[in-house]
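In what follows, a single structure is set out as structure tokens and then discussed.
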């Protein structure tokens, strides 16, 4: 048996749902999708869900992860085994841990390849900071996986598809984190997974203010703006959702223009599938040039305005 009887899918990020659904179609006979609203439910059916389970009734101050209890109960009620697919977002990994505990299931994060043999999942993902690929065969009846972006192609919606919709009512967990305040995200929504052209900045850009130079280039060529992990996590110059690398975005654009990025393996794992890599770095010995199809050795702060002017013509 090279498929599971059932797969359960949930994505806190709508843009990641199509690829998870495509993976679900390849890995199981019946697809169940947890959703948060009717619009997501309709989308899930068009993407191939046989059953949609609408999570309902959560108080505003509670976190989405607090649905883990009723999600696990629903999964157990409909089969003694199964596969759970989640995106490798922060929330996806938090939910994976909670579901793994409740289902007594093995959890594997950042999966880049998933296959099924004899009813058991085999998962490959990067280990040792991207220096090697580890393979795990999951022996527990339930398997909970968080999937790296780009692992599966996006499923295409089909408006003629039909499916059944059910409601899963909120049940307060015995122990939970309560949200006491929220802060609106300052950036516009970003969908880097689908971008044809990506301009990505590293700490070599020099300062947060200099990122505006990369933004101007993006406007000139119709590209999306991304960054390296240090820019997002250490310097806090850009949002977490934009960083490319082993533990976040894995991109496959037509062009990846790396600006001031050294090219460490942990970053390049997320960019090396690009059709063309163009690097700008003032260090001629930077590892990025080993991956680049084209490169310019020089100061990005001086090069970007000239490049933008030339490409905007």
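From the backbone N, Cα and C atoms, a Cβ is placed for every residue, glycine too.
Secondary structure at residue 259 (FAD binding site), as computed by DSSP, is strand. The feature FAD binding site is assigned by Swiss-Prot to 255-283.
The 10 Å shell around the Cβ of residue 267 (FAD binding site) contains 27 further Cβ atoms across the protein chains shown. All chains included, 13 other C-beta atoms sit within 10 angstroms of the C-beta of residue 283 (FAD binding site). Around residue 279 (FAD binding site), taking its Cβ as the centre, 25 other Cβ atoms fall within 10 Å, counting all chains. Once Cβ contacts within 10 Å are tallied over all protein chains shown, the binding-site residues 255, 259, 275 are led by 259. In the three-state DSSP reading, residue 279 (FAD binding site) counts as strand. One residue stands out among the binding-site residues 263, 271 for having the most other Cβ atoms within 10 Å of its Cβ: 271.
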